[in-house]
Amino acid sequence: VLDIEQGRVTTSVGVNEEDSEDTINTFSLSPDNEKIISNHRSGLLKLWNWRDGSLVKQWKSIHKGPVSQLAFSKDGVLLASGGTDSSIRIWDLQHQACTHNLRGAQGVISVVQFYSNMVFAAGDDAVIRAWNYSTGRQQLALSGHFSKVTALVFHEDTNQLLSCGRDRVIILWDLPSGTTVRTLPVFEGLEGLVLLPPKFRLPGFKKKVKGGIHVAAAGERGVVRIWEVTEGLEVFTQSNSLVSKATEEGGLAIVQLLFNVERCSLAIISADHNIIIHQLATFVCEKQLVGFSDEVLDLALLGTGGCYLAVATNSTDIKLYNMKDMGCQLLRGHTDLVLTLAAAPSNPSLLLSGAKDNSVRLWLMDPESHAAKCVGVGSRHTLSVGSVALSQLSASFFLSVSQDLCLKLWKIPKKLNSDEVQILNVDVTEIAHDKDINSVSVSPNDKLIATGSQDKTAKLWSVEGLTLLGVLRGHRRGVWCVRFSPVDQVVLSSSADCTIKLWAVSDLTCVKTFEGHDSSVLRAEFISQGMQLITAGADGLLKLWNIKTSECMTTLDDHDGRIWALAVSRDESLLISGGSDSNLVLWRDVTEKRREEAEEARQKLILEEQELANLVKSDQLLSALKLALTLDRPLQVLRIIQEVLKQGQEGLQDTVRQLESDQKAALLKNATVWNCNSKNCHPAQLVISILLDDLSSGDLKIQAFSNMLEGTLPYTERHFKRLTQLLQDLHLLQFTAACMQPQLQGGGSVLK
């Protein structure tokens, strides 16, 4: 369940189910907007309360195969389920009982709807049939379509039905007579059809559109068109569609249309898993919600303060997210998958992209509307563009590398107009490597260029004329990423040989080698003003390195597959990673926060220890005991107990009785520690004895008490044996002394 305003998931239904493989085939929302019914791969129908995600009821669908369509009756009492077994079943939701099994349709049921006292459905035979759901008898059979029927809309005022399908027509039916009123050719396969209000506004119309029957339809062309059906007129065609046309005839572009009467807006669901919401009066895009991103191939932060995130996925479109509410724009222009992105530090409104269509595109974001438009196109590569980089100091040039083994330097026009797409020209071209080039980077002073290739080498070039300055050899496998240090004359390279190397620019020697990854190191970035490295591996791990000590400081594990992309904000407070698991993970630098928390904890500890010393000195032993238990100070607790024992065992018993349950549990834990030492066994045994009385009476309950008791018993037995032996020795000594007493007395009389 998505909140449209925030663009975030508020509730997920079914996430806590035990069987995660029990995928959902279809679902339907009840008329009162409170319940959801879903059909699953296991054949179960499940009734949910979506607000809290709780499962209300579940039962078997009885269909001989998956259920393809579900529909509620207007009062929410009945449910119709259409399956791949050509049957439509009517369910009484109160008792989960199937009241009727409607037969007559052929093939997979493509659409099911309740209207009046009938249920309408259509199958692969393209005939729309209607049954009386009370008697189960078929009352209508409307033949007119020649391909799959995809949507049914009822016009209650005239008692008419509108239907559309992949046979490229909209048909208006008169239900009482069961005849065709009008067949409207639309010249595209349709997937979505919605009825519009009696009065509404459209772009380019001064007055409200009214009269007749108006519908919005969409399909394989990827645009919404509005028709007046009774006259057969096309009233409006969308000109700002963000959905690409189907790549082949009969393919999918728009798969569903939804209309919100209260907001007067249209929601377009595309085959690329995107939901695009347009205001009907202006057809301005209000919101774009991205459903499934597929693999994240590259990331770039742009806008003031890096408040926008550009994402390249397995798509021809670039997704531009607003970091505040995750609202999304789709940047269309490339004709094949976008592989790489780059942003300019000197111009936060500029974005560069490269794709499999052998082209590079330059995008400019409007500082006020934050809408990005393509302002430049360059098509000089002969194969896929694998990496691009913008100049650092001034956005005056950029570089691109490709599978055609070429490194190209392009000049950026001084004036960029968002209303005009300029043709970008190459300034210099150089055949750079012997195999595919994976990465290109520009130095902070815009004078040097680094490239990394599958030929196991990285190379340094001069920006002036693309002159080769040197070759960095040392990796045993292909180089995936190269980066310049922001503070030192050092180049970083990461490789499929699981290592990261730092190279001195001055003499082209390897300064350091970082080893720790167990798989290919796909991306690496300098952070903390060039003092640390963050690296991403094909095993889904991120590692943070200290350059000075060459040690791995921490390993971050939040991805389930290869991490292809890393983006670091300009202030280095935010790191974003993306990979083959389709997830974007945001990481924040919490070093300063943790330092402050540690300092705060240290100050608090000093104050509490001072307070404890003051309590002991003022002879407030109960308060001191409670504080010592809270601070987990076993030795201090022992000393306090020994002070209490000076007042007698009854004083100890009264003191222990006044403790809370968690404090008693901590005291018992401390007593088991003291019990290990024979010097402290006396207070330990007294405390254990008092607490065992509480346990036996039920006043105290301690988790894992049996484990604690197991550690106490051996020492207690040892103390018992030692005291028993001591008593025996003492009795023997007393006996010996008693035997010697008469002799001493007798000897004394003789002496007299």
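Glycine is no exception: its Cβ is also placed from the backbone N, Cα and C atoms.
Just so you know, TrEMBL annotations never went through curation; they're auto-generated.
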> When TrEMBL marks a stretch as coiled coil, which of 61-91, 588-618, 650-680 is it?
Replying inline: 588-618
>> Let me spell it out: take the coiled coil (588-618), skip the flanking residues so only those 6+ beyond its ends count, and list any with a Cβ under 8 Å from a Cβ in it.
In response: 572-575, 624, 627-628, 630-631, 633, 636, 639-640, 643
> Quick one: DSSP breakdown of the repeat 'WD' (514-555) into helix, strand and coil?
Replying inline: 0 helix, 26 strand, 16 coil
> How does the model score the repeat 'WD' (17-58) in terms of mean pLDDT?
Replying inline: 89
> DSSP says what for the repeat 'WD' (142-183): how many helix, strand, coil residues?
Replying inline: 0 helix, 25 strand, 17 coil
> Same chain, outside the repeat 'WD' (472-513) by at least 6, Cβ under 8 Å from its Cβ: which residues?
Replying inline: 435, 438-444, 448, 450-460, 519-526, 529-530, 533, 535, 537, 545, 547, 550
